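S.K.: Quick one: the structure is below, and I'll ask about it shortly.
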Amino acid sequence: MATSTRGPGPQPLEKEEDLPQIPAVQASLVVFVGKLLGAAADPAAGFIISRSPRTALGRLTPWILGCSPFLALTYFFLWFLPPIGRLQGLWYAAFYGLFQALSTLLQVPYSALTMFLTQDQEERDSATAYRMTMEMAGTLTGATVHGLIVAGAHKAPRCPEANLTDPLLSVASSISPHTSQLYMIAAGVIAGTYPLCTALLALGTTEEDDGYILEQRRVPFFQGLSHTLQHQPYQKLVASFLFISAAVQVQQSYLVLFCTHAAPLHSHMQNLVLLVLVAAVLSTPFWEWFLQRVGKKAVAYGIGAMVPSALLLAAVPTAPVAYAVAFVSGTSIALASLLPWSMLPDIVDDFRLHKVPLKGLETIFYSSYVFFTKLSGAGALGISTLSLEFAGYESGSCKQSDKVVIMLKVLIGAVPTSMVLIGLGILSVYPITEQRRRETAHRLDMLRREVPVCLVTQSQCSPEWSHHSDAAPSLAKARESGSQPGFCWV
């Protein structure tokens, strides 16, 4: 399942920088439209999945299995080079948007699956850490395999001495059939991992229901969304990682351009990207071990290591500094990727205890979080790319203007720094401390084990029942009496 992540590493859209060389404005529109479609698919995915019936495979696994073949096919065509000239931007916009939407339909149930594997918070944290480590390792493996396959297509110098009067036509016309074939082979290999990984996931996991949570009626999506968005811990988490995730995406997206045009680091680019990935893979188990001992809110400040490293790279763009910054950035990115997915199950449990304990709201929590982070990322990348265009960036040109160089330094240094500081400032008022998290887990465990306050059936309600967390229906006695258990609402 590593191929479904949005972790550090090369994204499919990088082909626009590599093969067709579409103009920066078109690239900006492709990124924005694609991510906007992906973001729009998140609420739809949350609504559809929350109302899906439970099957023999569970509620989430069928969605993961059903989406993977279409996602693989879309990914393959995203790397296909059609002979349509200047309409290539439209081609990539369509397939990139479709790829983002299908990724959402797979990512939402896949990420929410953690809530249905176990009810133990420490086991959930461990499963999340394993998932993030394997996703980053898969990203590293995929980038390496892809790079090895297409390596033969990049033996010629990227920037010839001749001036490029029309970068789009000059570079696009130089693409040989052999080069296109190599990229399609690489795309086919990577696409084949989607159905393979989802099949392994279905064979190796089993969904389980929480015995404390029963449902008597379906909650409309917008009512459920209103409940989730009004939950204060969720508000703080989403707001903080809106800025942090946008900072990570901006820094990742412009690292290549920075090393090419604003620093003499183009020959080190591949090594720097690999170092970021390796550092992220190796540091994820450490962060999991560390947050179990000092708490999730306290360990979040480790993301702040991005601030001095980003400023240092922008100010002193030398090779030794770049390698040190790449390692620090990899560890910070690993923490920024791990932490929100580790906090979301705690927020869902806190919501169940203090609000409405109904099934189906888990996917709304996850899909809403993905929606807001995608929206912030799309906005940040769109504005950043347009800023480069206004500064005079020329796609395919070997020499950029001084304004472009300054803008790249701002995008790689000042922009991520300010976003990370704002995000950490919001996260400092995150209300779920370690003590509150342990108390929530203890109270939920007690409610699962103890004899509940009230027994209800479909035909009668006890007046002392409240949908508050301190009361729950008894599955055992309801089943012994042959009744269908449910909730009473007062």
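If you go along the chain as it appears here, the first residue is 1 and each next one adds 1.
The backbone N, Cα and C atoms fix where each Cβ goes, and this holds for glycine too.
Note that the coordinates shown come from a computational prediction; the quantities given were computed from them, not determined experimentally.
What TrEMBL shows for this protein is this:
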| type | residues | note |
| --- | --- | --- |
| TRANSMEM | 60-81 | transmembrane segment |
| TRANSMEM | 93-117 | transmembrane segment |
| TRANSMEM | 182-203 | transmembrane segment |
| TRANSMEM | 272-291 | transmembrane segment |
| TRANSMEM | 298-316 | transmembrane segment |
| TRANSMEM | 322-344 | transmembrane segment |
| TRANSMEM | 364-386 | transmembrane segment |
| TRANSMEM | 406-430 | transmembrane segment |
S.K.: Are the transmembrane segment (322-344) and the transmembrane segment (272-291) close enough to be called in contact, which here means at least 3 C-beta pairs under 8 A that are separated by 6 or more residues?
M.R.: yes
S.K.: Hey, would you say the transmembrane segment (298-316) packs against the transmembrane segment (406-430), going by three or more CB pairs under 8 A that are 6+ residues apart?
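M.R.: Result for the transmembrane segment (298-316) with the transmembrane segment (406-430) is yes.
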S.K.: Hey, which bits of the same chain come close to the transmembrane segment (364-386), Cβ under 8 Å, at least six residues off its ends?
M.R.: 24-25, 27-28, 31-32, 35-36, 38-39, 42-43, 45-47, 49-50, 100, 104, 107-108, 111-112, 221, 224-225, 228-229, 234, 237-238, 241-243, 245-247, 249-250, 253-254, 340, 344, 347-348, 351, 411, 415, 419
S.K.: Using a Cβ-Cβ cut-off of under 8 Å, list the residues of the same chain that are 6+ residues beyond the ends of the transmembrane segment (272-291) and lie near it.
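M.R.: That would be 7-10, 125-126, 128-129, 132-133, 136-137, 139-140, 143-144, 255-256, 259, 265, 299, 302, 322-323, 326-331, 333-335, 337-339, 342.
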